[in-house]
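Record features, source Swiss-Prot:
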type	residues	note
DISULFID	Cys7-Cys29	disulfide bond
DISULFID	Cys13-Cys34	disulfide bond
DISULFID	Cys17-Cys36	disulfide bond
SITE	Lys28	site 'Basic residue of the functional dyad'
SITE	Tyr37	site 'Aromatic residue of the functional dyad'
Amino acid sequence: IFINVKCSLPQQCLRPCKDRFGQHAGGKCINGKCKCYP
């Protein structure tokens, strides 16, 4: 699931993804945007 958060590193996506989808969520940075894996 893509969220509207800009990124340049995967680590930048972990916190926003966890905030939205819970502690077990993961995140990657794809084409400058965060993609969450709930």
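Positions of Cβ are set from backbone N, Cα and C atoms, glycine also.
Spatial neighbours are here defined as Cα atoms within 10 angstroms of one another, and by that definition the neighbours of Cys17 (disulfide bond) among the recorded positions Cys7, Cys29, Tyr37 are Tyr37.
Closest to Tyr37 (site 'Aromatic residue of the functional dyad') in space, going by CA atoms and restricting to the recorded positions Cys7, Cys13, Lys28, Cys29, is Lys28.
Other Cβ atoms within 10 Å of the Cβ of Cys13 (disulfide bond), summed over all protein chains shown, number 24. Listed recorded positions near Cys36 (disulfide bond): Cys13, Lys28, Cys29 (candidates Cys7, Cys13, Lys28, Cys29; Cα-Cα distance within 10 Å).
In this structure, Cys13 (disulfide bond) is part of a helix by DSSP.
A simple way to gauge crowding: the CB of Cys36 (disulfide bond) has 20 other CB atoms within 10 angstroms, across all the protein chains here. The Cβ of Cys29 (disulfide bond) lies under 8 Å from the Cβ of Cys7, Ser8, Leu9, Pro10, Gln12, Cys13, Lys35, each of which sits 6+ residues away along the same chain. The sparsest Cβ neighbourhood within 10 Å, among the listed disulfide-bonded residues (Cys7, Cys17, Cys34), is found at Cys7. Neighbour list (Lys28 (site 'Basic residue of the functional dyad'), Cβ cut-off 8 Å, at least 6 residues apart, same chain): Pro10, Cys13, Cys34, Lys35, Tyr37.
A simple way to gauge crowding: the CB of Tyr37 (site 'Aromatic residue of the functional dyad') has 12 other CB atoms within 10 angstroms, across all the protein chains here.
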